[in-house]
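Peer 1: Handing you this structure, nothing more for now.
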Amino acid sequence: MEIPSQEIHIMIDNTISRRKERKTNLADAEPIVLMSVLSSLHAGYFRISLSLCSQALLWKIMVHLHSELPSMAYYLLWYLALATQVSLCFLYAFKCIFLFDMVKEEFSHYIGVNYLYAPSISCLLLLQSAPMIEPHSVLYQTLFWIFAVPVLTLDTKLYGQWFTTEKRFLSIMANPASQVSVIANLVAARGAAEMGWKECALCLFSLGMVHYLVIFVTLYQRLPGGNNFPTTLRPVFFLFFAAPATASLAWNSICGNFDTIAKMLFFLSLFIFISLVCRPNLLKKSIKRFNVAWWAYSFPITFLALNSVQYAQEVKDHVASVLMFIFSSMSVLIFISVMLLTAANSKRLLRRDHVLWSSTGPKDK
């Protein structure tokens with residue numbers, strides 16, 4: 001008589017080990033996510049804080065001139081700009097530590113190198129719009145030098161390359177983003193003038209304006225560098241009127257009044273703005289898909305609005321008041337629109353920008 005064999009299956013509950021494995025996977029995933037964010041981040045993201053800081057400066061001036069405007073909006077905007085700037089600075093500092101090779105690659109890129117000025121510009125604007133620091137205080141002066149020294153250092157490196165390095169002539173490397181370096185010097189000049197350092201302000205202003213004229217003439221000739229500018233970055237064309245608008249602001253602070261030179265620079269920026277607005281096809285392809293470059297629409301308009309405010313204060317007629325109202329309203333509306341679009345497209349915000357990492361210069365393609 002045969003006894004039927006029976007198989008006994010023993011099931012071991014390994015939920016504890018699975019939980020440990022899941023925790024380990026999450027712990028391993030967190031550094032991967034951070035490194036992914038850092039690898040996607042570049043200095044062009046400081047366009048966001050640049051827009052916030054310039055908007056805070058506009059609101060500071062407007063609240064001072066028109067007491068009926070809510071001062072709470074200015075304070076909230078300034079603290080939002082501060083939080084954004086600090087966050088971006090920390091992230092970019094981590095990138096410099098962990099992904100320094102990518103930072104060097106960005107420094108070598110004919111477009112990316114210009115946005116290395118953006119953190120300093122944002123900090124200088126944040127300082128000038130600060131509600132609690134007086135321009136003549138020691139803290140203001142100390143922070144000014146901390147933010148201005150990187151600008152002068154980059155000037156020495158970048159401008160020197162244009163006439164000493166064999167493969168990096170301005171005629172080859174020039175592109176609309178090259179005007180960011182000019183804006184950095186002019187914003188620093190305004191900051192120095194606010195402290196009463198007239199000689200320092202004139203030095204920075206002359207440095208910025210000389211290079212602006214050279215860059216503007218180079219770009220006006222449509223040399224090879226401009227033809228290599230990517231379509232997705234065409235919002236950066238708004239820098240064409242941002243540079244003379246910033247120069248007008250700086251000269252107004254140096255002289256203490258909106259004189260003839262300041263008016264000429266304002267009219268130049270106004271003319272270039274109208275010229276760009278009359279050519280919507282130039283920007284049509286760049287707005288098909290969201291890109292962080294869209295923030296380049298915001299801060300140039302804000303600089304133009306700041307100019308219109310100063311112009312209205314000097315001229316005091318109906319046309320000047322209408323210009324101030326139009327550009328101030330336009331600045332706020334564009335700023336809010338871009339901010340809402342950024343929130344709606346947050347998943348696309350930190351995608352790797354293949355434009356900036358595709359080549360180191362026009363001749364490298």
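Sequential numbering from 1, following the chain as shown.
Note: Cβ is positioned from N, Cα and C throughout, glycine not excepted.
Got these off Swiss-Prot a minute ago, pasting:
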type	residues	note
TOPO_DOM	1-25	topological domain 'Cytoplasmic'
TOPO_DOM	47-73	topological domain 'Extracellular'
TOPO_DOM	95-106	topological domain 'Cytoplasmic'
TOPO_DOM	128-131	topological domain 'Extracellular'
TOPO_DOM	153-168	topological domain 'Cytoplasmic'
TOPO_DOM	190-199	topological domain 'Extracellular'
TOPO_DOM	221-235	topological domain 'Cytoplasmic'
TOPO_DOM	279-291	topological domain 'Cytoplasmic'
TOPO_DOM	313-321	topological domain 'Extracellular'
TOPO_DOM	343-365	topological domain 'Cytoplasmic'
TRANSMEM	26-46	transmembrane segment
TRANSMEM	74-94	transmembrane segment
TRANSMEM	107-127	transmembrane segment
TRANSMEM	132-152	transmembrane segment
TRANSMEM	169-189	transmembrane segment
TRANSMEM	200-220	transmembrane segment
TRANSMEM	236-256	transmembrane segment
TRANSMEM	258-278	transmembrane segment
TRANSMEM	292-312	transmembrane segment
TRANSMEM	322-342	transmembrane segment
Peer 1: In the same chain, who gets a Cβ under 8 Å from the topological domain 'Extracellular' (128-131) while lying at least 6 residues past its ends?
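Peer 2: Beyond its ends, the topological domain 'Extracellular' (128-131) has Cβ neighbours at 53, 56-57, 59-60, 74-75, 78, 81, 140, 187, 190-191, 194.
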Peer 1: Go through the chain and flag residues at least 6 beyond the ends of the transmembrane segment (132-152) whose CB is under 8 A from any CB in it; none is fine as an answer.
Peer 2: 117, 119-121, 123-124, 184-185, 188, 191-192, 194-196, 204
Peer 1: Who are the long-range neighbours of the topological domain 'Extracellular' (47-73) in its own chain, taking Cβ under 8 Å and residues 6 or more past its ends?
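Peer 2: Cβ under 8 Å, 6 or more out: 80-81, 84-85, 88, 115, 118-119, 121-122, 125-126, 128-129, 131, 292-293, 295-296, 298-299, 302-303, 305-306, 309, 313, 328, 331-332, 335, 338, 342.
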Peer 1: Work out, from DSSP, the number of helix, strand and coil residues along the topological domain 'Extracellular' (47-73).
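Peer 2: Counting residues by DSSP class gives 22 helix, 0 strand, 5 coil.
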Peer 1: Which residues, given as numbers and ranges, are at least 6 beyond the ends of the topological domain 'Extracellular' (313-321) yet have a Cβ under 8 Å from it?
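Peer 2: Residues 65, 257-258, 263.
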Peer 1: Average pLDDT across the topological domain 'Extracellular' (47-73)?
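Peer 2: That region's mean pLDDT is 92.
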Peer 1: Could you give me the DSSP helix, strand and coil counts for the topological domain 'Extracellular' (128-131)?
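Peer 2: So the topological domain 'Extracellular' (128-131) is made up of 1 helix, 0 strand, 3 coil.
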